[in-house]
Amino acid sequence: MRLTRCQAALAAAITLNLLVLFYVSWLQHQPRNSRARGPRRASAAGPRVTVLVREFEAFDNAVPELVDSFLQQDPAQPVVVAADTLPYPPLALPRIPNVRLALLQPALDRPAAASRPETYVATEFVALVPDGARAEAPGLLERMVEALRAGSARLVAAPVATANPARCLALNVSLREWTARYGAAPAAPRCDALDGDAVVLLRARDLFNLSAPLARPVGTSLFLQTALRGWAVQLLDLTFAAARQPPLATAHARWKAEREGRARRAALLRALGIRLVSWEGGRLEWFGCNKETTRCFGTVVGDTPAYLYEERWTPPCCLRALRETARYVVGVLEAAGVRYWLEGGSLLGAARHGDIIPWDYDVDLGIYLEDVGNCEQLRGAEAGSVVDERGFVWEKAVEGDFFRVQYSESNHLHVDLWPFYPRNGVMTKDTWLDHRQDVEFPEHFLQPLVPLPFAGFVAQAPNNYRRFLELKFGPGVIENPQYPNPALLSLTGSG
């Protein structure tokens, strides 16, 4: 069938109209405001990086300037500003589809996905940009992407030209010891962590596979998690500009931000199970228990504290309290003329490495029963609990006829004092517990007592303490460490 000229013209007109409609529709789906906001145009494939702004103070910030600086470089740049709750005063953010505010705290009237930051990120890469940074040079994010792809590090970073630019650090995180240790980076600019202001870029899948991807302070939480996984960060020879109107410009604003930042950091470290931070130069920061708080663990069942089931050892703050209590108690006993010696697991720790066993939760000392009357605190404890001038609590233990010295009224980390007396050349006592090492022994192990380093001081110990320990625990006990109740949890089987 042949087409007439009229039919051919009609078909051509319909085809042309369809092409025009398709083109108009395509234009409508392009980013608005391609009104010469900046010198660069979006690549044909679209942006590969989402700018994520998390670290800022709601009461004083330069977030609008930060966001605008990235949009100047690329009007289609995806930007997510993340906050726990709606910032107040409100942020003056542009009302365009590629700039979004993510509220991370769950709310009754919002779906679960709304509080998950990954909901807002559709790009392969994420750039964590701190408040006070500004994008002035074109192509910085793309250069960071290329550096990440070309190198072996899982993160790359570019310092921000503020008063506190990023510096490279080594970081070792030991969950078992509840400790983070910072030091000089031996292979800078390849680092374990950064201290200071930097834009950090990584793959979105890596960021959102972390257990707390946007916990604040972002720098602290991010690098604790990445260093634990062995992910390096490469500090690049690129620099982001500082804000033209920097945040926290007044002394009051800086004071408020520092105060809230310290509280936020302490809460984060406690939540992540870090009780001690060690810095280069020997400075220590403690985030665990003290005399005014309770200890870090609850009642011990079956001689196996809860932290052992978590594949952790005694928190360092608890070990510090035990060392302090042991040193103090030994000083009181020596001043009063009470003969004492390291007992049980405490003697075992001293024999192994001169300290408390890393998973132990108390200190044991034996004393001569006949010397109890020499010590004012022990005499007082016979009648009831005594709090001395240093805040230590001396009391008779409820479990039996022995004494206990607690770190404080709040914190019940303690030293147990076991009164022994000689009978026919054998040391015995009136209270026995269901422990293998709780047995009688010949008095000749105490004649004489010998000095032995323990927990930062020198304590008295039985002579021939190896034989003494093997009598109580069995052969090879010094060389073969084991948890206190292997039937419940074995050191070799705990992972």
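Quick reminder: no glycine exception, Cβ is built from N, Cα and C everywhere.
In Swiss-Prot, Cys191 is paired through a disulphide bond with Cys168, chosen from Cys168, Cys289.
Record check, Swiss-Prot: CDP-L-ribitol site residues include Gly345, Trp359, Asp360, Tyr361, Asp362, Val363, Asp364, Gln437, Asp438, Asn480, Pro481, Gln482, and the candidate from Arg352, Arg467 also listed there is Arg352. What surrounds the Mg(2+) site, by Cβ distance within 8 Å of the Cβ centroid and not counting Asp360, Asp362, Asp364, is the set Leu322, Gly344, Gly345, Ser346, Ile356, Ile357, Tyr361, Val363, Val415, Asp416 from the same chain.
Cβ neighbour count for Cys191 (disulfide bond) (all protein chains, 10 Å cutoff from its Cβ): 25. With a cut-off of 8 Å between CB atoms and residues at least 6 apart in sequence, the same chain places Leu342, Glu343, Gly344, Gly345, Ser346, Leu347, Val415, Asp416, Trp418 near Asp364 (Mg(2+) binding site), listed in sequence order. For Asp362 (Mg(2+) binding site), the Cβ neighbour count at a 10 Å cut-off comes to 19, with all displayed protein chains included. When averaged over the topological domain 'Lumenal' (30-495), pLDDT in the model lands at 94.
According to DSSP, Asp360 (Mg(2+) binding site) is assigned to coil rather than to any helix or strand. A Cα-Cα distance of 34 Å separates Cys191 (disulfide bond) from Asp360 (Mg(2+) binding site). The Cβ of Cys168 (disulfide bond) lies under 8 Å from the Cβ of Ala185, Ala188, Pro189, Arg190, Cys191, Leu194, Leu235, each of these being in the same chain and 6 or more residues away along the sequence.
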